[in-house]
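Student: Input: one structure, supplied below.
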Amino acid sequence: MPNPVREPPAWLRGGLLALLPLLVVALYVTGQNYDPGLLAFKSEEGAGGGLAAKLTQSPPPGLAVMGAPRAYDKTNLYEYIDGHADAFISAGFQSLTVADYAVDANAPAPDLTADIYHMGTPLQAFGIMMAEVTPDSQSVTMGQMGFVSGGVGLFLHGPYFVRLGAQGPNAANMDFPAAASAVVAALGEADAGKLRELFAFPDLGKVVRTNYVKQDYRGLSFFKGVIDREFERADGGVLTLFLMQGAPAAMTELERALTVYAQEEGLTPQITSESSAKLIVFQDPYEGDWFVYLTTTRAWGGFAKADAALLDPIRQLANELPPFTPAGEKSP
Amino acid sequence: MNMPNIRAIRRIYAIFFFGLFLWLLWILDPQHMKGYETGLILELSPLTAIAGFFTSGTVYLGLAWALPIIFLTLFFGRFFCSWICPLGILNQFSSWLFNRRRPVDQYKNNAYRPIFRLKYYILAGLLILSAFGALQIGLLDPIALLTRSFTVSLYPAINQWGVGPYLNQPIFLGGALISALLIVLILANRFITRYWCRVLCPLGALLGVMSLRAPFRIRRDVDKCTDCNKCLANCQGGCDPHAEHRVSECHACMNCIEDCPEGALHYGLPESRTSAAKPFDINRRRLGEVAVASVVFYPMLKSAVSASTKPQHQTIRPPGSLPEEEFNARCIKCAACMRVCPTNVLQPALLGAGFEGLWTPILVNKIGWCEHHCVLCGQACPTGAIQRISVQEKVGEKPFEKPVKLGTAFFDHGRCLPWSMHTECVVCEEVCPTTPKAIWYKRVELLKRDGSVVKLKQPYMAPDLCIGCGICENKCPVEDYAAVRITSVGETRSKANQMLLKGKS
């Protein structure tokens, strides 16, 4: 018996069905036309173009990338590190790329998050890393300098400071060095020599701590971009030596600023000219004895008595080292 | 290949559009929305377009999508309810799921009932209010209702299980009430098939009125019909296809055509022996009563304290929002802006903005804050209540002279740690995103109770720089009632809600 149901004609039903794929195509095409800056809150990827793509292409072993890496700049860093953005921005922050990884790409939360900060210069990257390192951190081989503490790994790679944060059930087994290698591969080569050059300190004992202060070192506005290092001396005492490096003009300016400072404070510094350096010794009623040993591109200083045991290793190092080359400048 | 029958095609459409609704709402976030027309389903609603036209005198560009629906309904009947409307489809599915009736009871269940008139009275009341300028259709427009319910309750619930679309688990003011209403609406299908669509839906009523003269409709050949009533078995609208057809109730689900064993029913133009249609079943006296009630209610509504009649400090609207009166004339309370908001700061207002503002978006800075470079709420808004502004316009970059100001921050010195508790804290100053910072501090030396001196930074706010983003209130370490709080005063969109004497930094 034939089906008595009176259906609309086949061409009409076919037409109705054909409308749906057309609608899908129209939706897809319009969906691709958008302003990416609007959705990424106007963020731009930092230096190292294509970093997001490289991070996506080469995830750490055993991990899969979750979604597209996010990018932040100075204008919206607040969105990612609430309440701490200023510390990064004042330390020279340029951009941040954040990539999430998980053992299972469909997992609800990442097992590892890589925060890759472009800090402008290796020194600034070092500075912010030292501010982030906790006292219980263990030094490990990651990038050019690395530390691990609990579920957090920190390392330097050229001007990049990278923070690896592990969370969830896989955090305890996270292979930070392997993850760091994957990030380093995405970032490309960095000149390891450049970083070593930054730490031009003589061997004065066991290194206790190294810090970077971007400006106003010990409250003195003319000390900028200073690295200071604490040494534990053989006699058990602690000595702090600081180092400021820059172009010859910067060192000349530093010398002038020191002279002005001495006048303003009523100090009478002892200035001794050496072959290619100048030793300035202060006897300060508040700070005690302190000194600055100035060369054409470096200034070492210490808040201690300028005796031969301290100055000779500095003199020797100053003679051995080539002039410091600021980033972006050619060596003379 | 056999072409699917018309009922199967209707089911394909229903699955497609319901899936499309779910997907468009799912991708409505900063990571996934791209350029997709995420408000498409909302923009299809003729009720939104017409009521919005009444209140604002304009049809927002996106709502032009409703015009094809209106045009097709005039010719092909109320097909929208079964083919496209996500709430109608959800109701149909849940009705089928709950159905444990015997066939004979099913016939009774699907026959027309006088209570079905109620939706026309609801529609009349809402349209009359709209004509006066009070847009309340968003409370009951099925697409706005479902979008709101899914945004505020269902999707967050799914997110609790770890598979939801939100980056961070959102919370919403009064979310439980909105959830409960959705559950009640779904459970009502247990008692009457598609209870919402048949009894309450104002959009269904509007489409029903539009479809009254539709030339294409279900038609019954009286010679072939044996009065077996099997066409009622799966009728979705309760439109009496077995008798004089009630066109305004018919959802064009096509079930009756497929269920008729005699082939007596067809969808199309009239033939020589087809039955007549039933006149529109509405009681004019009741309609008049509703009209009078609405006319009386409108001035009552406008006499109440609301953000329209008097600025309310807690009614902080999203960036790009129209002035309050115009905002209420356009906002359909769909919560799409709340779905796209990356910080969860946008919340459905309760009665703080007045009854008119119920479930409209406000910023609750204890929950989130307005991202400095985010304007996505304006992108998501289907009606233009939140205008599509650029980031440059929001932050006041050239050529724009000033940033968009949502409100102003005020310090509560009694609760501020450096001001009253001799405790160091500059969190608000740190997070303040403006350049230069609206929050600044003075270094002071204070004498403590024990006689010692403490050096502190006491924060101040520059009202001419503050944009009211609320991040300071959100991040303030005084948790329950922050020591710095935002109120709506100074908002760009209002000429009235301003400080009479200007504060300066």
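Heads up, the Cβ atoms here are built off N, Cα and C, so glycines get one too.
Fair warning: this is a prediction, and the values are worked out from it, not measured in the lab.
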Student: Can you check which of B:40-63, B:280-303, B:424-447 TrEMBL lists as transmembrane segment?
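Tutor: Per TrEMBL, the stretch marked transmembrane segment is B:40-63.
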Student: Sort out for me which stretch, of B:12-28, B:40-63, B:120-146, B:166-188, has the most Cβ pairs below 8 angstroms to the transmembrane segment (B:195-216).
Tutor: B:120-146
Student: Please figure out which one of B:241-270, B:360-391, B:457-486 racks up the most CB pairs under 8 Å against the domain '4Fe-4S ferredoxin-type' (B:323-351).
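Tutor: Selected stretch: B:360-391, with the most Cβ pairs under 8 Å.
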Student: On the 0 to 100 pLDDT scale, where does the domain '4Fe-4S ferredoxin-type' (B:457-486) sit on average?
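Tutor: The predicted confidence over the domain '4Fe-4S ferredoxin-type' (B:457-486), as a mean pLDDT, is 93.
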Student: Where else in the chain does the transmembrane segment (B:12-28) make close Cβ contacts, counting only residues six or more beyond its ends and a cut-off under 8 Å?
Tutor: 4, 34, 36-41, 82-86, 89-90, 92, 143, 146-147, 150-151, 155, 165, 336, 339-340, 380
Student: Within the domain '4Fe-4S ferredoxin-type' (B:457-486), how many residues are helix, strand or coil going by DSSP?
Tutor: 5 helix, 8 strand, 17 coil
Student: From the DSSP assignment alone, can you count helix, strand and coil residues within the domain '4Fe-4S ferredoxin-type' (B:216-239)?
Tutor: 3 helix, 5 strand, 16 coil
